[in-house]
Every structure is written in structure tokens, then in C-alpha cells.
Amino acid sequence: MTQDGYMQQEEEEWEREGLLDPAWEKQQRKTFTAWCNSHLRKAGTQIDNIEEDFRNGLKLMLLLEVISGETLGKPDRGKMRFHKIANVNKALDFIESKGVKLVSIGAEEIVDGNSKMTLGLIWTIILRFAIQDISVEEMTAKEGLLLWCQRKTAPYKNVNVQNFHLSWKDGLAFCALIHRHRPDLIDYGKLRKDNPMDNFNLAFDVAEKHLNIPRMLDAEDVVYTAKPDERAIMTYVSWYYHAFHGAQQAETAANRICKVLKVNQDNERLMEEYERLASDLLEWIRRTTPWLENRTTDNTLPGTQKKLEEFRSYRRQHKPPRVEQKANLETNFNTLQTKLRLSKRPAYMPSEGKMVSDITGAWKGLESAEKGFEEWLLSEMMRLERLDHLAQKFKHKADIHEEWTQGKEEMLVSHDFRQCKLNEIKALKKKHEAFESDLAAHQDRVEQIAAIAQELNALGYHDIASINARCQRICDQWDRLGTLTTRRRQALDEAEQILEKVDLFHLEFAKRAAPFNNWLDETREDLVDMFIVHSIEEIQQLIDAHESFKNTLGEADKEYKTIVGLAQEVQPMATQYQIPGGLENPYTTLTPEVITTKWRDVKQLVPQRDHTLQTELIRQQCNENLRRQFAEKANVVGPWIERQMDAVTAIGMGMQGTLEDQLQRLHEYDQAVVQYRPHVDDLEKIHQEVQEAMIFENRYTQYTMETLRVGWEQLLTSIHRNINEVENQILTRDSKGITQEQLNEFRTSFNHFDKKRTGRLAPEEFKSCLVSLGYNIRNDDRPEFRRILAIVDPNKTGYVHFDAFLDFMTREYTDTDTAEQMIDSFRILAGDKPYITADELRRELPPDQAEYCIRRMTPYNGQCAVPGALDYRSFSTALYGESDL
């Protein structure tokens with residue numbers, strides 16, 4: 001039977017039965033009056049007499065407007081009969097417009113106060129607006145309401161609902177309905193079937209006080225009537241149905257709102273955490289980069305060594321936590337973007353200068369400055385070490401030269417030859433010739449001193465002023481010596497015409513002794529000369545050169561004996577011929593004793609030089625062992641890192657097993673990396689020894705500690721990034737309900753077009769991938785493709801990553817929540833009003849969620865707005881990015 005047919009049958013039964021039972025009419029009048037007042041109070045009015053108060057049609061129209069939520073038009077305000085009939089007809093027309101056929105009910109009977117017709121009209125309204133919308137398993141409203149009551153009361157003792165009259169006489173059915181939905185309000189176990197009055201009054205009082213259901217029946221009328229009025233009972237029971245059904249809807253709506261708000265609050269917390277971490281990391285980079293870009297030192301070796309120690313401390317202590325912070329920041333950003341996409345929220349755009357790309361760029365700048373800083377420090381150490389060596393060499397040669405020049409100027413300006421005899425003059429001349437030879441031999445040393453000073457100038461030696469001053473003094477003195485030598489030679493040439501005799505032995509001694517003495521001086525310089533080598537080959541070259549030098553000592557010993565023999569030849573001759581001053585050699589200041597002393601010094605320095613070279617050879621061998629030790633370790637760690645990186649990349653690009661299998665394998669790789677960390681630490685210790693030994697090259701391996709550090713950091717970052725991507729894919733799969741087969745299909749298509757295995761697709765590759773999956777995109781439909789690109793690449797990077805691609809494809813296969821669903825949920829809480837109040841939010845939502853909504857909602861300014869009304873529509877659309885919050 002249709003709903004309209006049921007309503008027509010109900011009206012006909014009401015006319016027949018109502019005429020026969022005045023008690024039912026009394027019950028209906030009370031129940032219908034209470035039902036009408038429960039709605040009219042929403043408009044600030046009520047009725048006292050159901051026949052009289054509806055006669056002018058005004059409150060009847062108002063009642064229909066309240067229960068339907070629609071406007072019936074402007075009523076006639078006149079008091080004439082035709083005004084009242086017109087108003088009642090408007091109400092009747094509205095009822096008929098809802099598909100209700102009114103039988104035997106006319107406006108005139110209502111205006112005349114006909115009790116039967118008025119009650120019949122109200123019953124028709126109750127059927128249409130309170131009972132007709134009750135639907136249970138395609139039954140009529142009455143049958144559906146009865147079935148609902150039977151299901152709700154089935155578990156209760158002494159309750160057997162079969163109709164809407166006798167089944168309710170003991171009041172237990174009403175108590176059972178309340179207890180079923182609100183067990184906290186009634187202790188059903190204490191109720192008795194033989195105490196109906198208490199049962200009714202308890203149910204009516206609890207319903208009115210706690211469930212906002214008005215008292216429409218009197219216990220006496222039901223208990224003491226043989227057969228209670230069915231329509232009165234149905235009217236009252238329908239309130240229970242709507243009250244409990246609405247509570248269930250409100251709970252569902254509240255849960256939906258809480259879920260959405262919690263997601264939104266969690267996302268906001270993630271955004272705030274990202275902003276804080278990004279600001280902290282960028283500030284650290286901003287502070288650290290200028291320090292790394294500072295290429296100044298105090299130009300001393302200890303100061304530069306201190307700066308190198310500071311840099312090593314930065315590498316070991318300060319940078320690793322920041323590397324981890326950067327990885328966490330990227331992971332949090334990707335997780336946040338995934339959550340936003342899954343909840344259909346707009347993509348998160350960090351504040352200006354805090355994008356992941358900005359942080360990556362700043363980090364690259366930091367690492368570039370770091371690499372340049374380390375290279376500069378090492379080169380500066382080598383430069384300063386070279387400077388220190390050159391300064392010591394300059395001092396040593398300058399000391400020898402200044403020692404040699406002592407007294408030379410006084411000798412050259414002396415006029416001693418004026419009192420000499422001929423042989424003495426000739427001796428002075430020969431002596432001067434020997435001095436010139438000695439002077440020429442010292443020319444190389446002076447040039448070496450000047451060259452060293454020039455190199456110190458070019459390399460920026462810190463105490464270059466004293467070097468230049470000393471070099472200038474030596475050069476000036478050397479020029480004066482040259483001038484004075486020329487003058488004295490001219491003077492001796494003039495005196496030579498007078499003085500002829502020459503002591504050949506002295507002359508021969510002087511000729512031989514001078515170069516031999518220079519050779520001794522140079523040899524002593526070479527034997528005590530400092531050296532810097534960086535390899536076994538270099539020290540071996542010095543050892544070979546020293547061995548070659550030792551092979552020449554035999555010839556030198558012969559020359560020494562010859563020179564000493566010449567001096568020894570003079571003594572018997574001077575004694576024999578009593579030559580005045582014959583033991584003094586007029587041609588040279590050198591004596592056999594000096595030559596002997598220097599020769600003895602040279603022979604003592606040779607084994608010392610042997611020991612020094614052998615000590616350096618041992619040190620270089622130790623350095624070579626360090627190189628080999630580092631290379632052996634690096635040649636194991638480097639390939640291991642590369643294999644792990646290849647394996648992690650293969651997992652990220654592959655499709656073997658489920659996502660959970662991939663995630664487990666990634667965690668296993670992560671654990672393996674953690675366990676492998678001691679090998680890297682051991683390598684760091686060896687590298688520390690290498691640096692302390694000042695070893696700068698290693699021909700046994702292609703790996704440097706810097707490349708291994710970078711590879712290690714990239715491996716950690718790759719593992720964590722892949723774990724994050726797989727977790728996001730699992731989250732996407734589970735939240736969207738896609739199958740593993742669908743996920744594999746998406747990954748297969750994505751990998752097919754990702755030729756370079758970069759984990760991203762260019763726009764044209766992405767378009768081809770969509771077409772391969774059956775997504776229809778015409779070549780001439782560029783706006784549609786641009787719309788899709790805006791979804792998968794909101795930051796306009798020019799590439800589509802797999803997680804964005806997966807999110808887009810899941811939209812095509814799964815249902816999603818929308819702003820409209822949120823609006824419908826708030827409308828249920830608001831009782832179908834276009835606005836909601838703070839009290840309603842606090843009543844239906846948890847305190848923190850309710851206060852969150854109250855702070856964010858804007859005032860509602862539409863029609864029928866009450867003070868404090870809030871606009872939930874704009875709030876809901878703003879949550880989904882469809883308007884500004």
C-alpha cells in the first residue's frame with residue numbers, strides 16, 4: 001500500500017472510530033496540542049485550544065512553516081471570515097502540494113472550529129511530516145515505525161510490541177526504548193509490569209527532561225482506557241524515533257567533523273614544526289657559511305694548524321647533527337604533502353625562502369664553501385711549510401755569507417802594500433787574485449740568497465720586512481766588495497812593476513786551497529741542508545745522490561793531502577832560507593789548519609747525513625704503510641657503499657614483492673648501514689693519522705675520505721627517503737583502498753617511461769604514462785592536461801614524482817571526502833539551519849574541536865540569523881581550499 005493510500009485509509013478510519021469513542025478524542029486533543037506546541041515554541045508561540053487557535057489559519061500556517069522549513073507566503077491579516085478561510089486554504093494547499101489528499105476536510109470546518117475536522121487535519125500533518133518519512137525495509141510509515149519499536153524492544157522482558165494501543169498500556173515499552181538508547185537514564189531492572197502509572201510517569205519525565213520530548217500523553221488516559229488511541233501513541237512514539245535517529249546522525253556527523261578537524265590540526269602542527277626546523281637550519285647555514293668562506297689566516301703555521309683543528313671539529317661534531325636535521329626536514333615535508341594530498345587539502349607552500357629547494361640550495365652552497373675551505377687550508381699549510389723552510393734556508397745561507405764577509409771591506413781598503421817588498425807586493429797581488437776567485441765563487445751564494453728572498457716575497461712571508469732588509473744589506477755590501485776589489489787590483493798592478501818575486505808554493509797552495517775551501521763550505525752546507533720530501537722515491541733520490549757524493553770523497557781526500565802537502569813544503573824552505581814571514585802565505589788567508597778542520601767536519605757530517613736520510617726513509621715508509629692501510633680499507637668501504645646505494649635504488653625503482661616487503665628490505669638495509677658504521681669510523685681514524693702525517697696523495701686508491709663521506713651521507717639519505725616514500729605509498733594504498741595489483745600496474749607504467757631512472761617524469765612522459773593506463777587525454781585538450789599537471793605538480797617544478805602520480809591515479813579509482821560532505825554534517829548538527837551556534841558546537845563536539853571551530857568560523861549574516869550565529873559553510877569550503885578561511 002502506498003504512503004498516500006495509507007494516509008487516506010487512516011483519515012477514513014479516524015472519522016469512523018473517532019465518532020464512536022470520545023475517550024480517544026480526548027487523548028488526541030491532548031497529544032496533538034502538545035505536538036503542535038513543541039514545534040510552535042520554536043517560533044515563540046503556542047496554542048491552548050486546538051479548535052479555537054487554528055481558526056484564523058495564522059498559527060496553522062506558522063506550524064507548517066516551522067515543521068517544513070519552507071515559506072507559505074504572506075498571510076491575510078484581516079479578521080473577517082473570508083480572511084480566515086483564505087489563510088486555512090493556503091495551509092491546505094501547501095499540504096496537498098506535498099502529495100497529501102485531504103478527504104472531507106475543508107477550510108470552512110476549520111474556521112468554524114469543528115473539533116473532528118481540526119483533529120483530522122492535525123493528524124494528517126503529523127502523518128505527513130512526522131511519520132511518513134519513517135522508512136524501514138520498504139514498509140509503510142506505520143509498519144516501519146512498528147518494526148523499529150519491535151527491534152529496539154525485543155531484548156527486554158515483559159515487552160511485546162504488536163500494535164500502537166494495547167502493547168503500550170503498562171508503560172514498559174516506553175521505558176525500554178529510552179533504556180535501549182540511553183541506559184544511563186533508566187534502571188530497567190527495577191521496573192515492574194504491575195506498576196504502569198509509575199512506569200509511564202518515569203518514561204514521560206525522563207523523555208521531557210533529558211531527551212527534549214514534550215509530554216503528549218497523560219498516564220491516566222492510557223492506563224485507564226480499555227484501548228488507548230493509536231494515533232496519540234504513534235504521534236508520541238514518532239518523537240522517540242526522531243530523537244534517537246537524530247542523535248545517531250549527530251554522533252556520526254560529529255565524528256566526521258572531529259576526524260577532519262584532527263587531520264587539519266595535525267597538518268598545522270607539521271607545518272609549524274617544518275617552519276621551525278627550516279628556520280633553525282637556514283640560520284645555522286647562514287652563520288656557518290661566512291666562516292667557511294673566510295680565507296684569511298695570521299700567515300703562521302701554528303695559526304693555520306689551529307684553524308685546521310677547528311675545521312675538523314666542525315666536521316666531526318657540528319655538521320653530522322645538521323645532516324640528520326636536513327634529512328628529517330625533507331622527510332617531514334614529504335609526509336606533510338602526502339597527508340595533505342590524501343585529505344584533499346591544498347599543497348603546503350612554506351614561507352618565502354624556506355622551500356625544500358631553498359634549503360637544498362643553501363646546503364649546496366655550504367658544502368661548496370666547505371670543500372673550498374678544506375682545499376684552501378691544505379694548500380695554505382703546504383705554502384706556510386714551504387715558507388718556513390725557505391726562511392730557515394735564507395737565514396742559514398745569510399749567516400754563512402755574513403761570516404765570510406767579516407773583515408773583507410777592511411782588507412780591501414788597506415794600504416799595507418805600501419810598506420811591502422817586491423815579493424810581498426807580488427804576494428799581495430796573488431792573494432788578491434785568490435780573493436777574486438773566492439769572491440766569484442761566493443757569487444752563487446749571493447744569488448741564491450736573493451732568489452730565496454724573492455720567493456719569500458712572492459709567497460707572502462709574514463716577516464718579509466726583516467728578510468728584505470737583510471737581503472738588501474747583503475746586496476749592498478756585495479756591490480761595495482766588487483768595487484773595492486777592482487780598486488785594490490788596480491793598485492796592486494801598479495805596484496807589481498816594482499815587486500817581482502813570488503812564492504810559487506804559497507801561490508799554488510792558495511790556488512788549490514781556495515776552491516777546495518769553497519768546496520768544503522758548499523759541501524758542509526749541503527750536508528746540513530734541510531729537505532722536505534713526500535714519498536719514498538724522493539728520499540731515495542736524496543740517498544742515491546748522497547751515495548754518489550760519498551764516492552767522490554776519495555778524490556777529495558787526494559786533493560786535501562796535496563794541499564796540506566804544499567803547506568808542509570813551505571816550512572822547511574822558510575827555515576832553510578830564513579825567509580821573513582815565510583810561514584805566512586801571502587796569497588791567501590787560508591791555513592792548513594783551517595782546511596784540516598773543515599775537512600774533519602765534512603767527514604763527521606757524512607755519517608750524520610746518512611742517519612738523517614735513513615730516519616726520513618723510515619718515516620716515508622711509515623707514511624707509505626698508512627697510504628696502503630687507508631687504501632685497503634677505502635677500497636672495501638667504497639664499493640660496499642656503492643653496492644648498497646645500487647640496491648636501495650633498485651628497491652625504490654623495482655616492483656619485487658609487496659610494499660611491506662620493500663619497506664622491510666629497506667629497514668634491513670638501514671640496519672645494515674648502522675651496523676657497518678664502525679668500518680667508516682675506523683677509516684676516519686686512519687684518515688686522521690694520514691692528515692697528521694701530512695700525507696696529501698695516495699696512488700693506491702681512487703677514494704678520498706671526502707668522497708666516502710659524501711657517499712655515506714647520500715646512502716643514509718637515500719634509505720630514509722625511500723622508506724618515507726614506501727610508507728607514503730602504503731598510506732596512500734590503505735587510505736584509498738587500492739590493491740597491490742593496481743599499485744604494481746602503476747609502478748610498471750611509471751618505470752617504463754622513467755627511462756633514466758630518476759624517479760620522476762617530464763610532462764610529456766607523464767602524459768604518455770596516463771595514456772598507457774587507459775586515461776583518455778586528447779592531443780587537442782591542453783587545458784585538461786594543464787589542470788592535471790596543476791594537481792600532480794602544485795609547486796611547478798616541471799616534473800611529476802611517483803607519489804604525486806600515485807595519488808592522482810587513486811583519485812580515479814576511489815571515492816574521496818569533499819567540502820560538501822562537511823557542510824551536510826554541520827547541517828545535521830544545526831538541525832537543518834543554515835547556521836550553527838557555539839552552544840550547539842560545544843554540545844555535539846569534544847571541547848578542543850568545538851573551540852577550534854568557534855575561533856575559525858565567521859559570523860552568519862543571512863536571514864533568520866540569531867545572535868552568535870556562525871557560518872559553517874564558508875568554514876567547510878576553506879578546509880578544502882575552496883575559499884579563504
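Using N, Cα and C of the backbone, Cβ positions are placed for all residues, glycine too.
The following features are taken from Swiss-Prot:
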REGION    1-242  region 'Actin-binding'
DOMAIN    26-130  domain 'Calponin-homology (CH) 1'
REPEAT    270-377  repeat 'Spectrin 1'
REPEAT    389-494  repeat 'Spectrin 2'
REPEAT    508-614  repeat 'Spectrin 3'
REPEAT    626-727  repeat 'Spectrin 4'
BINDING   Asp754, Thr758, Arg760, Glu765  Ca(2+) 1 binding site
BINDING   Asp793, Asn795, Thr797, Tyr799  Ca(2+) 2 binding site
Of the stretches 389-494, 508-614, 626-727, which racks up the most C-beta pairs under 8 Å with the repeat 'Spectrin 1' (270-377)?
626-727
Arg760 (Ca(2+) 1 binding site) - helix vs strand vs coil (DSSP):
strand
Going by C-alpha distance, which of the binding-site residues Asp793, Asn795, Thr797, Tyr799 is nearest to Arg760 (Ca(2+) 1 binding site)?
Tyr799
Whole-number Å value for how far Thr758 (Ca(2+) 1 binding site) lies from Tyr799 (Ca(2+) 2 binding site) (Cα to Cα):
10
Within the repeat 'Spectrin 2' (389-494), count helix residues (DSSP H, G, I), strand residues (E, B) and coil residues, in that order.
94 helix, 0 strand, 12 coil
What is the pLDDT of the domain 'Calponin-homology (CH) 1' (26-130) when averaged and given as a whole number?
82
A 10 Å Cβ contact count, applied to the binding-site residues Asp754, Arg760, Glu765, Asp793, Asn795: which residue has the minimum?
Asn795
Given the recorded Ca(2+) 1 site (Asp754, Thr758, Arg760, Glu765), which additional residues of the same chain have their Cβ within 8 Å of the Cβ centre, ordered by sequence?
Phe750, Phe753, Lys755, Lys756, Arg757, Gly759, Leu761, Ala762, Tyr799, Val800
Which are the residues of the chain, Asp793, Asn795, Thr797, Tyr799 excluded, whose CB is within 8 A of where the CB atoms of the Ca(2+) 2 site average out, their centroid?
Pro794, Lys796, Gly798, Val800, His801
Euclidean distance between Cα atoms of Thr758 (Ca(2+) 1 binding site) and Thr797 (Ca(2+) 2 binding site), Å:
14
For the domain 'Calponin-homology (CH) 1' (26-130), what does DSSP give as the number of helix, strand and coil residues?
71 helix, 0 strand, 34 coil
Give the residue counts of the repeat 'Spectrin 4' (626-727) per reduced DSSP state, in the order helix, strand, coil.
85 helix, 0 strand, 17 coil
Could you state the whole-number distance in Å separating the C-alpha atoms of Thr758 (Ca(2+) 1 binding site) and Asp793 (Ca(2+) 2 binding site)?
16
Using the alpha carbons only, what distance in Å do you get between Glu765 (Ca(2+) 1 binding site) and Asn795 (Ca(2+) 2 binding site) once rounded?
18
Number of Cβ atoms other than its own within 10 Å, given for Thr758 (Ca(2+) 1 binding site):
11
